[in-house]
Amino acid sequence: MTKLSGLYLLWVSFAFRTAFTYPYGKTYFSLLFGDSFPEENVAVDNTFLTQGDILMDVRRNAVREHNTVWLRRVVPFTVDTVFPASTLEQIRLAIQEIEQFSCVRFQPRQNEIDYIRIRNISGCYSPVGRRGGPQDVSIGNGCESQGTIIHELMHALGFWHEHTRPDRDLYITIIKENIAESHTQNFQKMTFDEVDTLGAPYDYGSIMHYALNAFAVDRSKWTMIPKLPTSTEIGQRKHLSKIDIYKLNKLYNCNISHCQRLSTPLHGFKQGDDYSVGKVVYFFCQTGFVLVGSSERFCKDTGDWTGNNPVCLLLSVEYCNIDKSDLCGWRQDRTDQLDWTWSHSSTPTMNTGPNNDHTMDNSKGSYLYLESSSPVSPGQKARLISTIFRPYSSDMCLRFWYHMFGSSMGELRVYLRIRSRDSNIFSIRGDQGKEWRVADVVIKSTVNFQIVIEAISGPSFRSDIAIDDILITTCTEMQEYKRLLKNTIQKSISQLTGLLKRQRCNFDDDLCGWTQEQNDIFDWTHHYGPTTTIGTGPSCDRTNCIMGKYLYIEASAPRMRGDYSAIYSPVFQGLSTKCITFYYNMHGISMGTLNVYVKNSTGPHLVWTKSNNQGPIWHYATIDFTSISPFQVVFEGVRGYSFKSDMAFDDFTLDPGYCIEHSVTCDFQRDLCSWIQDTRDKFEWIRHSGPTGTPGTGPNTDHSGTNGYYLYIETSAPRIGGDVARIMSPVLPPVTGGYCFEMAYFMFGSHVSMLTVSLRNHNRETILWIRSGNIGPYWNITRIGFSVSESSQLIIAGVVGESYRSDIAIDDTVLTRGPC
């Protein structure tokens, strides 16, 4: 016996001999011999229960449920009047504890569609997350303790059992021999597609963890054995653990309090000026105009608004947001095989279709989609036919939004119908990712016409196709619409006319709409952990070594030298300079070549390549390029001369603008971006949220006015007057036309000293900007234009004043090419 195994047996023996206190005053021995737990529901006959106390809804798939949190962090609820006063008090205490440690709030239901009903049915159970409509949380006999009620309410808030996490085998061993066959599904390990661990470690002390003899045939024996020694109470039903609290706050983004300010549309007005999470802003148009876009938007707990920026257009436009079942005069084609389905929530099948409509981005809006599940056959069609339109000019324009997410996606086509003859004017096929995407089509007709939108089912049920927000008008008016839309979009939202907001994929959950090349030799592998061959490939994902995923090519047999594999991004809009960033790993003595192409209307263009062994670490790469037309990014891996040629890439981003601009632009919400602390100064800048530690100096909030993050220098002891803290930008290359640097700064305090921005090249520094003294309790903005003839760095320096009331803060740094 090894020393380690001997220590483990000694610990197990100690666990059996020690009377750990468990919920309801029970001890280990009382739990091990004969007792069951209320959440096991051993006497409850309900075929829709899984994991003991989770109510599965046959209408929905579990894969969608883990992500369905309660909107605005508010859970409307009702409580049965049959509960005795003692149980009502336990319910109150359970709700109070959740509210005490998070931003989630339970409110008595008024007229909300989605709400929970706390009922005395039979046993203890709840669905996971918000399911849509009323959903029951059963607190039956034996379930009346505060801890058990918290457990069931955590299910309703979106949490699964801890012992079913995808990584649970690293922490517990399941003893299948002591589990009745009828209960084996209660120990089914879930996948990373079904649950999100939120980056939290495994929690033996979670209120969502079952006891070690849960569902045991022989209660004197365990069904789960911890793999790590722990004195934590496993299966406790008293209070939320610290990790429970962390995950609850992370799932509901409790660190976010506000969304950005919304502008008023031209020829319209808005109602509501409160931009905090959960608040609603309503939009209206003046007489003679029609609202195109969202009529109301509410601030989500992610800090984003639901829906899209509305625009007021002349009444002459033809616009249908599909929010009413009459479909604005559009009709189903009676000669096709299928009909479009009207929906206001997610489609029934996991991993295909949208979660919400495009207009409102919530259950108040609706859309049309093709349901591709059985009995639908591949290639069957659903057509939607418009009313007859009269052209107001020789060029009419059609804009609509479509959603094509699914591994076996079919095809979407648009036809122009003139005198009963159809001509194809738009088509797209294949998986386009989880996002709604826009299509713009020019209609050439001088006579009356109709539009036909046709969806064709793919080879399997994962091919739901959706459409929304159909707009038809003159191309002149369409350009005006795009101009107005551009003017109303806030700086946090990219232009919709040719620019996309930031595209990011870490491949942890799925491929984000990336598709394998059909005509190459083999496919990229979606993987976590080390590759299968020692001495080649990464040891794990770059940011999450246990659960993170990446893409790599497996170079082992039957692969041969020169075999290649290609994978394509979704289609992105062009018209401007773009920045691609990604990480790559090319570890192996016979490493091949990794190529990156941009494929557009003029063909594939090689924009980056790397060959040979680059060592075992992940490397960062950036690519600047310009494409006038829509494009795709293609990663191609070419195998080297032996099996030690596994190569990988991960953490892909696509941003508008040049890469150097994004490396300096930072709001400090997550980290310092690419800014680095100068190790040669006296002390460091501090990333902070909320007021600084000293009254009478420093800001109370970040530059946006919320509880976001900023950088500041803390001037209290042990700092002395004249101490300097410096941060440095990445290296800026010389460019024609120079740069413009912008930042927000806060200099408030009776002894504030000095803030400078300098430019360093080689060992020379030139001061570009300087401010000193007490400027007042508010944020200011400066813009600094400068030219660079050789590689240089920006340096921001804060100097300590004569006393501790000299804190200086900065936020929202922005770098752009060209003059200010």
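Including glycine, each Cβ sits where the backbone N, Cα and C put it.
The structure displayed is predicted, hence computed values, not measured ones.
According to TrEMBL, the feature active site maps to GLU152. The Zn(2+) binding site annotation in TrEMBL covers HIS151, HIS155, HIS161. The disulfide bond feature in TrEMBL is assigned to CYS285-CYS312. Residues or ranges marked as domain 'Peptidase M12A' in TrEMBL: 61-255. If you look up TrEMBL, you'll see 257-314 marked as domain 'Sushi'. The annotation domain 'MAM' is assigned in TrEMBL to 318-477, 503-661, 664-820.
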### Task
Tell me the residue counts in helix, strand and coil for the domain 'Sushi' (257-314), as DSSP assigns them.
0 helix, 25 strand, 33 coil
### Query
C-alpha of the residue listed as 'active site' to C-alpha of CYS312 (disulfide bond): distance in Å?
46
### Task
Using a 10 Å cut-off, grab the number of neighbouring Cβ atoms around the Cβ of HIS155 (Zn(2+) binding site), all chains included.
23
### Summary
Around the Cβ of CYS312 (disulfide bond), other Cβ atoms within 10 Å, all chains included, total 22
### Message
Let me check the 10 A CB neighbour count of CYS285 (disulfide bond). How many other CB atoms are there?
### Response
20
### Message
Tell me the coarse DSSP state (helix, strand, coil) of HIS161 (Zn(2+) binding site).
### Response
coil
### Cα-nearest neighbour of CYS285 (disulfide bond) within the listed binding-site residues, HIS151, HIS155, HIS161
HIS155
### Query
How many neighbouring Cβ atoms, not counting its own, are there within 10 Å of the Cβ of HIS151 (Zn(2+) binding site)?
29
### Query
Over the domain 'MAM' (664-820), what is the model's mean pLDDT?
90
### Task
Inside 10 Å of the Cβ of the residue listed as 'active site', count up the other Cβ atoms and send me the figure.
25
### Message
Give me the CA-CA distance between HIS151 (Zn(2+) binding site) and CYS312 (disulfide bond), in Å, as a whole number.
### Response
48
### Query
Rounded to a whole number, how many Å is the Cα of HIS155 (Zn(2+) binding site) away from the Cα of CYS312 (disulfide bond)?
43
### Query
In Å, rounded, how far does the Cα of HIS161 (Zn(2+) binding site) sit from the Cα of CYS312 (disulfide bond)?
48
### Neighbour tally for HIS161 (Zn(2+) binding site), based on other Cβ positions within 10 Å of its Cβ
26
